[in-house]
Amino acid sequence: MQFHSSSALITPFKKDLSVDEAAYEALIKRQIFQGMDACVPVGTTGESATLTHKEHMRCIEIAIETCKNTKTPSNSRMKVLAGVGSNATSESLSLAKFAQKIGADAILCVSPYYNRPTQQGLFEHYKTIAQSVEIPVMLYDVPSRTGVSIEVPTALKLFREIPNIKAIKEASGSLKRVTELHYHEKDFKIFSGEDSLNHSIMFSGGCGVISVTGNLMPNLISQMVNCALKLEYQQALEIQNKLFHLHQALFVETNPIPIKMAMHLAGLIENPSYRLPLVAPSKETIQLLEKTLQQYEVIA
């Protein structure tokens with residue numbers, strides 16, 4: 001996985017709640033032009049749980065096509081880490097095979113939600129998916145959403161026994177987990193999945209981030225990651241601190257509710273539309289977002 005900075009892309013909808021493909025392509029191009037190494041379509045932030053199977057595949061396809069046809073400022077190609085998560089192993093399997101077939105660089109697979117499998121069940125789930133493809137696989141641990149954690153011994157076993165399981169997205173909120181994983185396996189790539197901990201994870205063995213805030217501020221997220229990779233601790237910390245209030249504001253309600261509204265307020269998407277059961281943010285949240293974006297000079 002030859003990338004470090006990436007954004008968990010939102011999925012823009014039209015007023016009729018169909019996917020706004022033109023807006024989606026424009027958002028991806030903005031990521032490319034502002035220095036991100038990779039994009040992550042149809043993860044949690046992309047509202048994958050309320051997309052149809054066909055829509056899910058189409059979003060992956062748009063991301064791959066856009067990255068293939070749009071060069072970065074350094075004349076390279078932005079990578080695509082395709083979200084293939086589902087609470088049904090068979091559906092994740094289908095999405096993983098599709099992503100590989102059309103050219104995804106790697107896949108991100110969240111633990112099955114609602115089912116609450118045992119650790120053996122998690123192992124078999126990830127093993128089955130990883131062995132169905134040849135491209136790299138990133139585990140995704142976010143117990144606040146899935147109801148179950150990939151325990152450290154399970155994650156290490158998957159990394160050691162399945163050759164193309166290369167990385168894990170850490171959204172558990174536990175730096176202890178990060179340090180433990182890195183201590184036992186230096187080559188197991190750890191990506192921050194929690195913007196408030198980006199700096200801390202990068203300096204505790206992490207090698208990159210998958211950011212929600214990056215939808216809005218890809219240049220600053222990219223700069224912070226690059227500073228961390230060069231071991232420029234203080235410079236990276238200054239950027240992390242600069243983003244503190246924005247990180248806070250974007251998670252006052254369930255993600256991706258605030259980030260989609262912020263993107264709308266910033267003029268980056270036309271419609272801040274959500275599919276039920278997600279609904280628009282409260283008036284208080286909108287006011288907070290407006291105030292925060294003004295502080296960052298995103299809006300007047």
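Heads up, the Cβ atoms here are built off N, Cα and C, so glycines get one too.
The site 'Part of a proton relay during catalysis' feature in Swiss-Prot is assigned to THR44 (among others). Reduced to three states, the DSSP call for THR44 (site 'Part of a proton relay during catalysis') is coil. Long-range C-beta contacts of THR44 (site 'Part of a proton relay during catalysis'), restricted to its own chain and to partners at least six residues apart, with a cutoff below 8 Å, comprise ALA8, VAL110, VAL142, ARG145, ASN255, PRO256.
Residues within less than 8 Å, Cβ to Cβ, of THR45 (pyruvate binding site) and separated from it by at least 6 positions along the same chain comprise ALA8, LEU9, ILE10, VAL212, ASN215, ASN255, PRO256, ILE259. If you look up Swiss-Prot, you'll see THR45, ILE210 marked as pyruvate binding site.
Mapped onto three states, the DSSP output places TYR114 (site 'Part of a proton relay during catalysis') in coil. Residues or ranges marked as site 'Part of a proton relay during catalysis' by Swiss-Prot: TYR114 (among others).
Non-local contacts of TYR140 (active site, proton donor/acceptor) by the CB criterion (under 8 A, 6+ apart in sequence, same chain) comprise GLY43, GLY85, LEU108, CYS109, VAL110, SER111, ILE168, LYS169, ALA171, GLY193. Per Swiss-Prot, the feature active site, proton donor/acceptor maps to TYR140; the stated evidence is sequence analysis.
When secondary structure is read from DSSP and collapsed to three states, LYS169 (active site, schiff-base intermediate with substrate) falls in the strand class. Feature annotation from Swiss-Prot assigns active site, schiff-base intermediate with substrate to LYS169; the stated evidence is sequence analysis.
Cα of ILE210 (pyruvate binding site) to Cα of TYR114 (site 'Part of a proton relay during catalysis'): a span of 23 Å.
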